[in-house]
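In what follows, a structure is listed as structure tokens, so that the remarks can point back to it.
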Amino acid sequence: MTGTWALIRLIVRRDRVLLPVWIAITALLPAGIASATADLYADQAARDSFATASASNPAQLAMRGPIYDASVGGLTAWTLGSSLALIGGLVSILLVIRHTRVEEETGRRELLSSGVIGRHAPLAGALAVVLAANLLLGLLSVPALVANGLPAGSSLLFGLSAATGGWVFAAVAAVTAQLTAASGTARELAIGVGGLLFALRALADAGGIGWLAWLSPFGWVRLTKPYAGDQWWVLGLVAVFVAVLAAAAFALSTRRDVAGGLVPARPGPAAGTLTGPFGLAARLHRDTLAGFAIGFGLMGALLGVAARGLDTQLDTPQFRELAATIGGADARISDVFFTFVMYVLSQLVAGAALVSALGARGEEAAGRAELLLSTPVGRLRWALSHLVFAIVSPVLLLGALGAAAGLAYDGDVARVTVATLAYLPAVWTVVGIATLMFGMLPRLAAALSWTMLGLFLAVDLLAEFKLATGIILDLSPFVHVPALLLGGASSSAALLGLTVMAVALATVGLAFLRRRDLMPSA
Amino acid sequence: MNAAVHADGLVKTFGQTKALDGLDLTVKTGEVHGFLGPNGAGKTTTIRILLGQMRADGGRISLLGGDPWHEATELHRRLTYVPGDVTLWPSLTGGEVIDLLGRVRGGLDPRRRAELLERFELDPRKKCRTYSKGNRQKVALVAAFASDVELLILDEPTAGLDPLMEAVFNECVLREKRDGRTVLLSSHILSEVETLCDRVSIIRAGRTVESGSLADLRHLTRTSVTAELIGPALGLAALPGVHDLTVDGARLRCQVDGDALTAVLAELARAGVRTLTTQPPTLEELFLRHYEGAAR
């Protein structure tokens with residue numbers, strides 16, 4: 001364990017932006033939801049009718065589980081219990097793999113281990129930071145909940161439940177990181193385990209097989225029942241589970257070589273069939289794209305099912321008023337819901353498209369572009385081979401999202417799909433800006449592109465609370481997409497304008513690329 | 001024009017640092033040209049300019065009779081390149097990478113590919129993420145040696161290879177030379193350059209400090225001798241080809257020209273030797289001597 005403290009400081013230093021942002025956002029979320037719930041369902045009668053409707057909606061049961069108590073606190077715990085475990089779990093998995101297996105894969109661990117760093121220090125350091133961060137965000141959420149008038153004891157239990165959600169998956173990732181030499185596989189394994197455990201809990205609550213929920217961490221974070229009887233001892237169960245997994249990870253790590261895995265890497269083909277940059281790019285983007293497509297498809301299907309129950313569940317005077325101001329007097333509540341959700345999800349799709357759009361820069365930074373561009377492959381052809389996937393990816397993802405949502409809602413695939421595909425030009429604009437950055441400021445391209453997407457999200461958030469209007473709002477391309485489901489003018493002018501802008505941005509970016517030096521990061 | 005590479009007064013600056021400061025380089029067609037210099041001297045920058053991946057700020061450059069920046073794609077059909085730090089696609093196997101690089105260049109000789117894989121003892125079915133630095137280098141070398149091109153640009157290609165593989169590499173380079181191909185071999189290992197190269201250029205701080213055939217630069221290849229003697233070796237100072245002689249009690253140090261070694265060893269044997277170390281001069285020593293010579 002020698003050197004663990006030094007490694008903890010290294011990890012905190014490397015993630016000095018990511019950690020505080022993650023902790024701050026997730027710590028603030030519960031109080032926000034609590035106050036929104038208190039506003040939206042002002043009296044006990046409204047909350048009871050909401051709870052009754054939710055209990056009869058299988059999609060809500062699958063996503064969030066049963067409501068244990070129809071108080072403001074109980075509804076807050078119901079809204080966020082699963083989501084916080086999902087967010088905390090995902091971030092924890094990514095962080096643990098990043099500071100263990102990725103370090104070994106890149107050879108940095110070897111460099112450190114030759115110094116005075118104990119065999120267990122890297123895993124111990126990564127786990128310490130991630131567990132502490134989860135605990136911190138759980139504790140930090142408590143004061144704001146109490147300030148919203150919720151009982152202190154239950155709020156503390158709720159905060160700790162949220163923290164343990166992240167703990168479980170940090171421990172799962174610690175185990176998968178020992179199994180294979182490839183960090184990507186370790187990541188996918190851990191996320192896959194998370195998906196299975198989530199599905200297990202969903203099946204338990206939606207299928208009325210309550211005891212199954214006791215087999216999943218996603219069940220445990222709800223079964224502590226904060227604001228609904230406070231079953232503190234369930235936390236002990238989680239702690240034991242985490243301790244056992246962590247011990248297993250440490251034991252496994254002594255049975256393998258540094259940079260090696262317990263599962264040996266399988267050999268691949270001795271001869272290749274790739275004939276050029278487009279074939280190569282297809283190989284590089286294929287798996288990620290397929291994963292995103294399945295993910296967005298499933299999300300769409302869940303939303304479609306959830307929307308079925310919405311017309312009765314959200315039939316409160318407050319929500320009807322909201323729907324009317326957004327969609328006009330005769331708007332269907334489910335259409336308002338779809339419109340709102342698609343608007344948010346289109347920005348997630350933009351995130352997926354950014355991954356593809358920055359693919360070429362990643363190749364350049366890693367030095368692989370240098371090898372490929374020393375062959376007769378020209379720069380433009382190489383850049384386009386990646387860009388084409390950034391263009392196609394949102395078509396596929398928005399299409400999967402809309403089609404699955406439409407199919408699951410009322411079988412009318414075309415109506416919802418057309419409405420989601422309307423976001424294509426906005427997503428392409430994001431891709432265009434990333435390509436411009438890639439051409440002009442390659443070293444900053446990734447940071448600037450993601451910051452820009454974050455700013456667009458912030459603009460929308462400000463708009464939602466009516467804090468941004470006019471020109472600031474106009475800066476986000478997503479604002480200009482007409483809401484087709486709500487009879488928004490299907491004027492092609494805005495969509496055409498965005499598309500033209502996207503093409504222009506990308507063209508300028510590619511022109512800069514042809515003129516500049518290649519810049520590997522080393 | 002019989003120069004495969006001709007660079008004249010190349011200048012390249014990165015912000016405040018001048019990476020190349022008037023570099024000259026001529027590689028004649030059909031020769032193996034050693035490109036020597038310490039780390040950070042500007043070897044890789046020069047090669048990136050030759051490959052059209054960077055544009056020079058000043059000076060003139062021609063590659064295979066063309067402009068490496070404007071005609072990059074056409075010129076790349078006629079050359080192959082092995083980077084100093086080979087990074088490959090982690091999810092592809094070595095065989096897949098070799099075939100990809102071969103195909104985009106217009107195909108490679110399958111028999112030569114198989115032969116090279118065997119000689120370099122490389123398993124082409126392994127994923128690139130599992131290869132060591134040396135094995136990644138072998139992937140790039142197999143792809144380079146199996147393709148039919150006029151010019152090979154090799155940037156410190158043996159940095160990760162063990163001595164056995166270095167010998168295989170040397171044979172491959174000599175075979176390319178026999179077949180009339182041109183090789184630009186960047187290196188900081190003098191012995192490698194001595195074995196393979198017809199002519200060498202030595203650069204330091206972005207400038208060419210020596211250029212010529214190995215015979216021209218014979219004065220640079222002195223051996224450093226350190227010995228602990230039993231008796232005094234009085235005749236040593238008078239021998240031709242002995243330089244920088246220092247005697248500290250029984251310990252003796254000197255620099256010896258290659259053709260004077262026999263006489264020096266005979267003289268040492270006469271005095272009686274307790275320990276003896278000889279080593280070729282490091283590149284840094286050569287540069288130091290070069291600059292001392294220039295200052296005198």
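Quick reminder: no glycine exception, Cβ is built from N, Cα and C everywhere.
Taken from TrEMBL as is:
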TRANSMEM  A:75-97  transmembrane segment
TRANSMEM  A:117-137  transmembrane segment
TRANSMEM  A:157-177  transmembrane segment
TRANSMEM  A:189-212  transmembrane segment
TRANSMEM  A:232-252  transmembrane segment
TRANSMEM  A:289-310  transmembrane segment
TRANSMEM  A:340-361  transmembrane segment
TRANSMEM  A:382-409  transmembrane segment
TRANSMEM  A:421-441  transmembrane segment
TRANSMEM  A:453-473  transmembrane segment
TRANSMEM  A:493-513  transmembrane segment
Contact between the transmembrane segment (A:421-441) and the transmembrane segment (A:157-177) (at least 3 Cβ pairs under 8 Å, separation 6+): no
For the transmembrane segment (A:340-361), distant same-chain residues with Cβ under 8 A (at least six beyond the ends): 281, 284-285, 288-289, 292, 296, 299, 303, 326, 369, 382-383, 385-387, 389-390, 393-394, 397-398, 401-402, 405, 416, 419-420, 423, 426-428, 430-431, 434-435, 438, 442, 445-446, 449-450, 453, 456-457, 460, 478, 481, 483
Result, the transmembrane segment (A:232-252) in contact with the transmembrane segment (A:117-137) (3+ CB pairs under 8 Å): yes
Residue numbers, six or more beyond the limits of the transmembrane segment (A:189-212), whose CB comes under 8 Å of its CB atoms: 58-59, 61-63, 65-66, 82, 86, 89-90, 93, 97, 169, 172-173, 176-177, 179-180, 218-219, 222
